[in-house]
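What follows is a single structure, written as structure tokens, with notes after it.
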Amino acid sequence: MAMQMQLEANADTSVEEESFGPQPISRLEQCGINANDVKKLEEAGFHTVEAVAYAPKKELINIKGISEAKADKILAEAAKLVPMGFTTATEFHQRRSEIIQITTGSKELDKLLQGGIETGSITEMFGEFRTGKTQICHTLAVTCQLPIDRGGGEGKAMYIDTEGTFRPERLLAVAERYGLSGSDVLDNVAYARAFNTDHQTQLLYQASAMMVESRYALLIVDSATALYRTDYSGRGELSARQMHLARFLRMLLRLADEFGVAVVITNQVVAQVDGAAMFAADPKKPIGGNIIAHASTTRLYLRKGRGETRICKIYDSPCLPEAEAMFAINADGVGDAKD
């Protein structure tokens, strides 16, 4: 009798565990969805049941060969596999306490972020050139591979580079600092160069397929907005630009929700040249407007300090107080500033 209860308890926990990890799209076939329809979903970029459950019906109907009735059936089956209803704040609090934080390499910066870069959400870093945005990205691409007890995420990193600033040599220097094998670290980083805004979005579909295959802890887009500044120009194209950017950020948020990866994006700043700039203490503001502001969970403002020191300020966060921390850019990545 005790044995049976134990087995039932084990079965319950395994069901619970399954409901939290991303489930491959092939699970829908077991629920009576036609194999051809599942293939169509996969070709359209839906690689997990979660991706289907989180998608609006309109998106499924746009797939060639999926009628409204089929879309309804697919969404109904996906909803059975993915818990999307209400839960108590206690349960949610429990789930939040299990969230992994990835170290930035600087103790002061980690303290400011209450542990590091949070997985399952979008962290945006913005600032002028030479403020350390890309250096933090390079350091994170290595620290996310560390064991959890050393402040890592025990997963691979994915790096989408839009400005051609990715340097594997920097990763090797950071790997040496943490006593990791350089070749293993480089093997665990998937790198892609994005050449235009459509390509940048297309890469996220590939990212989703790769995340199903192996465990990724971090997705970096450096910089998320650079190509939007050149592909769309003038006020006439502003609305089209913001819609495209909103779609890109929505996909990033979906990847963070689906796979629990930490998404880190960098953003550039624009100088305000209107009359109001004369009265502002700092006339620079991040580009992308309200759309990027609402999509990011945590926004960090980086600025130059003296010498190699940089200052990071929490610009916007749902739970972190507005505060500042100093860090330094060293030969072996981001570290603490020396007094």
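Using the three backbone atoms N, Cα and C, a Cβ is placed for every residue, glycine included.
Classification of Gly127 (ATP binding site) by DSSP places it within a strand. Feature annotation from Swiss-Prot assigns ATP binding site to Gly127, Glu128, Phe129, Arg130, Thr131, Gly132, Lys133, Thr134; the stated evidence is sequence analysis.
Swiss-Prot lists Ala2 with the feature N-acetylalanine, giving a large-scale study or a structure entry as the kind of evidence.
Counting only residues at least six positions away in the same chain, the Cβ atoms of Val82, Arg254, Asp257, Glu258 sit under 8 Å from the Cβ of Tyr54 (phosphotyrosine). Among the features that Swiss-Prot reports, phosphotyrosine is placed at Tyr54, with the record citing experimental evidence.
Positions annotated as region 'Interaction with PALB2' by Swiss-Prot: 184-257.
Listed by sequence, the residues of this chain that lie at least six past the ends of the motif 'Nuclear export signal' (245-260) yet keep a Cβ under 8 A from its Cβ atoms are 22, 48, 50-51, 54, 119-122, 197, 200-201, 204, 207-208, 211, 216, 219, 221, 224-225, 228, 288, 291-292, 295. The motif 'Nuclear export signal' annotation in Swiss-Prot covers 245-260 and rests on a curator's inference.
Neighbours of the ATP site: apart from Gly127, Glu128, Phe129, Arg130, Thr131, Gly132, Lys133, Thr134, residues of the same chain with C-beta atoms within 8 angstroms of the site's C-beta centroid are Leu302, Lys304, Arg310. Sequence-distant neighbours of Thr131 (ATP binding site) (same chain, 6+ apart, CB under 8 A from its CB) are Leu302, Arg303, Lys304, Arg310.
The binding-site residues listed here are Arg130, Lys133; among them, Lys133 has the most other Cβ atoms within 10 Å of its own Cβ.
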